[in-house]
Amino acid sequence: MAFVAPVSSVFSTSSKSAVCSGRSSFAQFSGLKKVNNTARLQTAEQGSAFGGVSDANDAFFNAVNTMGAPARTSNAPSMKVRVAINGFGRIGRNFIRCWAGRTDSNMDVVCINDTSGVKTASHLLKYDSILGTFDSDVVAGEDSITVDGKTIKVVSNRNPLELPWKEMEIDIVVEATGVFVDAVGAGKHIQAGAKKVLITAPGKGEGVGTFVVGVNDHLYSHDKFDIVSNASCTTNCMAPFMKVLDDEFGVVRGMMTTTHSYTGDQRLLDAGHRDLRRARSAALNIVPTTTGAAKAVALVVPTLAGKLNGIALRVPTPNVSVCDVVMQVSKKTFKEEVNGALLKAANGSMKGIIKYSDEPLVSCDYRGTDESTIIDSSLTMVMGDDMLKVVAWYDNEWGYSQRVVDLGEVMASQWK
């Protein structure tokens, strides 16, 4: 097994990434109807993609079939890397949809481990309450799911050590259960025969490298990292624009609040939970709770270590969240200069990662957004020339899943 560096050793010195620098093109969903991408946000120069907020819901289900495709790297493998997904929940299924739209992917998804069974897994892939119907041919077999003629084996085992990774010659396991998030747990996939593990959650402890695409993914090394984490959806939202602001203005300290849609970790009705606030009904309450996202930003932007903290407010919406960061900076500035720096990054080094909007939109308008973070420029504030407020939206499922696929492509591009 290759040496795996501690989480804290993985950091960024540049905002540019070989993968994200060309993410201006968009792939088409495999098997989905070709429609104009009317629900995507445009940059400030291009204007709004829809005439008004009332059109957003009508446009969404037709527009969700487009997504950012990563730029190809020069050292792409001659054969596709064999991928298995462990856990077929929200992120696992979103991963399949995102991956299916990549016409030039170096990954080949060959197996899914899901304890709900083939019938349920295929049904939930085909029909989704957030994304709508997956307009591809999804067929449930006896022990497989076929998507537009591509057959993916389905197994069911809760013990990673007993999964058939060796016999199936699995290269990368996308660990999407939310359970095996440390080196010991994720390492069981390697013991079972896989070569690498990509965790779709914040990694815990030593031996897991944390990467945020567009911020520090250029530091990934095939020889150095066996287990990597794609961090959290909120860290993926915060880290890109916080790096831009830190580079440009010098962040002294900051506090963040993410107003976050409810997740499967909460309770539909009041029921037991280790967090007594999360024990309360997600559909009826604003639920204050913890988030490690602010501190985790320092794992990929080390100049921000010890400078950020924050909380989460879980709200009764099923998807899309918004991050509000108030910070003190060392360089005097004003609103237009702050927005200018963010717009420049959105159109340049972080194109496809940061999106910039000057439209008065709401959360539903951002469903299906490919980018990790969408700057709401009209909400930017500057107080006394050194205190900033920046507000950024993010699709905590779809945008995050796009980055999981991107990070998988980074790993696959270095395969030996």
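Glycine is no exception: its Cβ is also placed from the backbone N, Cα and C atoms.
Within Thr263, Thr333, the residue that Swiss-Prot lists together with Ser232, Cys233, Thr234, Arg278, Thr291, Gly292, Arg314 for binding D-glyceraldehyde 3-phosphate is Thr263.
Here is what falls inside 10 Å of the CA of Asn396 (NADP(+) binding site) among the recorded positions Ser232, Cys233, His260, Thr291, Gly292, Arg314: Ser232, Cys233, His260. For His260 (site 'Activates thiol group during catalysis'), the number of other Cβ atoms no farther than 10 Å from its own Cβ, over all displayed protein chains, is 23.
In the three-state DSSP assignment, the secondary structure recorded for Cys233 (active site, nucleophile) is helix. Taking the C-alpha positions, the distance from Thr291 (D-glyceraldehyde 3-phosphate binding site) to Arg158 (NADP(+) binding site) comes to 27 Å.
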